[in-house]
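**Student:** What TrEMBL lists as transmembrane segment is B:20-38, B:50-68, B:74-93, B:100-119, B:139-162, B:174-194, B:200-219, B:226-249, B:255-278.
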């Protein structure tokens, strides 16, 4: 069985012919806990959308290991909080992969929802309307939905935004539990201190991949400086990105080599070693 | 009392048909209205009701006051506007509200032009405002068919419709039904508006769809209850509207919609969920936790 949960091969994702993630190659190892960091517009959310299949690649491929179940937590802003739903309705949406459009919810499903709510500290909130929840409570409920999905790849888009430190601590506890269960977890985050303390691996994006590997190396000051230089603006007249020789690409707009990053897996027991980061 | 409330429906066949037609319409159009409102597309219903006009008018001009050609024409025009507006918003920079406005305005003007080219203002009034008191068997069967299709679709796709409103990106991550559900739902909107125009006309059929839904929002915070309550409000509006129309010799369509409008205004004032009176009567009263 392959060690890769997700494999990117020269992946480019974007909107209206402009790349948001440009020529990303590498593997997300099974059981890894990876923070995805970068400035606004650097392609973090886009990458998660690409993995979950909501956004189709413009070029290259994004391959998810067969038989994997993905749980995806979009940003809170994607959710319509004025919709008349109770916490239990929101969390029960996580049963979709199991029950689909028409399957009846059974006793075990209700137990799973109750247990997930207990795990995130929302027992007793079942019948609360979601428009009465605080930002932190809503995020806890959304984590409960992820728990109910019972997936083996978990993608969380900015789960710590507008959430107090107490809630962040509890949610990190849930994430660490997933990690200890050998689930593959990718989390978009902005707080670099939090990433350094809690995430073993980091993918640093600036539309193109800048660094990917053990967090301390990926977030070196040199890499962060590179990431900051990234130009957020789209250029309507940017030259077309044509395949260059040797199967690679050259991004004329930013002048980086596009072979991306080699993210090799190791053979030794325990935490795999990583090859050095090969950013442009 | 009997003479006022029951006798008109017992003694006159046209009142029985009007009652049956409007009850069936309430059953199917009101839940659709609830979802339109929850998707913040309340005005889309209005736009679509204008959009079906040229199709209905074309059927009317070619075949006279016949339910089948007018319905098919309305469906085709509604589908063209929905798909056209959807395509412009998907493939160009423009958002769907602007493209839908553009398409329905073109459609409406075209419809008025077509009716006035050949018909009289009476014809135009009929297409615009309908008459529930002149429902024939074909129209009743059509409305019944639409109610069955709508209720069956809602039952089957309920979970997807709720997910599509609440968290569309999540739905897309677990299922490919998202875009399908969106277009199926627009299809139901067009279908119910077309079903309604024979009875209420193109302009008022959206009233029976939206007003009970908007009123129900002030009484409950659960979608199932809201849909059921909207149906009840729709039925009450139809019953009361028909009676008022019969006894006071007023046009039936506007009477039904005005009753629904009155229920909406009362709900907005005294409803239990975020209505006006509760907000202003005890602004400082609060619980301990």
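Cβ atoms here come from the backbone N, Cα and C positions, even for glycine.
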**Student:** Look at every Cβ pair spanning the transmembrane segment (B:100-119) and the transmembrane segment (B:20-38), keep those 6 or more apart in sequence, and say whether at least 3 of them are under 8 Å.
**Tutor:** no
**Student:** Short question: which residues 6 or more past the ends of the transmembrane segment (B:174-194) have a Cβ under 8 Å from it?
**Tutor:** 25, 28-29, 32, 35-36, 39, 44-45, 48-49, 52, 56, 71, 74-75, 78-79, 82, 86, 146, 149-150, 153-154, 157, 160-161, 163-164, 168, 202, 205-206, 209
**Student:** Cβ under 8 Å to the transmembrane segment (B:200-219), counting only same-chain residues 6 or more beyond its ends: which ones?
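**Tutor:** Result: 22, 25-26, 29-30, 32-34, 36-37, 42, 45-46, 48-50, 52-53, 56, 74, 126-132, 189, 192-193, 226-227, 229-231, 233-234, 237-238, 253-254, 256-257, 260-261, 263-264, 266-268, 271-275.
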**Student:** Counting only residues 6 or more past its boundaries, what in the same chain has a CB within less than 8 Å of a CB in the transmembrane segment (B:255-278)?
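**Tutor:** Answer is 22, 132, 200, 204, 207-208, 211-212, 214-221, 233-234, 236-238, 240-242, 244-245.
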